[in-house]
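Working notes for the structure below.
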Amino acid sequence: MAHENFTRVIEFILIGVSERPDLQIPLFFVFLVIYGLTVTGNLSIITLTSVDSQLQTPMYFFLRHLAIINLGNSTVIAPKMLVNFLVKKHTTSFYECATQLGMFLVFIVAEIFILAVMAYDRYVAICNPLLYMAVVSRRTCFLLVSLTYLYSLSTAIVASSSVFSMSYCSSNVINHFYCDIVPLIALSCSDTSFPETVVFVSASTNLVFSIITVVASYFNIVLSILRIRSSEGRKRAFSTCTSHMTAVSVFYGTLLFMYLQPQTNHSMGVDKMASVFYTLVIPMLNPMIYSLRNKDVKAALKRFLTNSCGSFKLM
């Protein structure tokens, strides 16, 4: 019996969003629609900001990479999740689980920092418009995005390797719909103090640095907008950052709700719903936020559809 209790885990079982059998098919179609909209919306943003000549600015360069990150984040989670709604055995191998966690961390950390970079971009555009193209040059844009991906990759490697360096014995049931850090640490039969410290320090540092950057940027933006004398000028300046402010509020609001709630109110059910929101719902909402509230993107979409229809008629 003692030998059975310490059998090394070679695969994990994912509980999923819900254990109720009658909800599996309805949930499959709900999340299939969400993922379909996510792929369509983010691919549209990536295409428009790549091919439209009027969207070749730093703001849309960063928006393109936000769309890439959102698409990557949801793709790491959704396909496996959708398959598990249709099969009885929700298993994932040890290395598949480690890969999913690592890729998820790459994209979630990258999103945290790309939102901070976009806030800085809006700060320079509104507070120092004459120096904008000099400060946020093409080289600077590539450097900021490259550092974001490099840092997120290194963070993911350190965090995921610390989690999977622990021993997992006998219990292999993950109370989640993907391989996440908290339920994995809960399964370990070894000392969890090191991975918990690594994850806490990394998550705290990333969130605090990013939130300070965003808050400081928008504090200065608001002060600059209030100094503009004409109401039309204030409205124009404010309209250039409303989409980003909405996306930031939704994303950080979800993360803060999840991590700052009292431990007495903390439950895996709440964690799952919050995880659904920032891994699947927010990547679906961001293209809508930037499309519906942005005249440039809507105009670019019209031009793209007009040119596509024209090319189709000539064939």
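Quick reminder: no glycine exception, Cβ is built from N, Cα and C everywhere.
Feature annotations, courtesy of TrEMBL:
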type	residues	note
DOMAIN	41-290	domain 'G-protein coupled receptors family 1 profile'
TRANSMEM	27-49	transmembrane segment
TRANSMEM	61-81	transmembrane segment
TRANSMEM	101-120	transmembrane segment
TRANSMEM	141-164	transmembrane segment
TRANSMEM	207-226	transmembrane segment
TRANSMEM	238-261	transmembrane segment
TRANSMEM	273-292	transmembrane segment
- Message: Can you give me the average pLDDT across the domain 'G-protein coupled receptors family 1 profile' (41-290), rounded to a whole number?
- Response: 87
- Touch test for the transmembrane segment (141-164) and the transmembrane segment (207-226), at least 3 Cβ pairs under 8 Å: no
- Message: Which residues of the chain, 6 or more past the ends of the transmembrane segment (207-226), have a CB below 8 A from one of its CBs?
- Response: 112-113, 115-116, 119-120, 122-123, 126-127, 234, 237-238, 241, 245, 248, 252, 255, 259
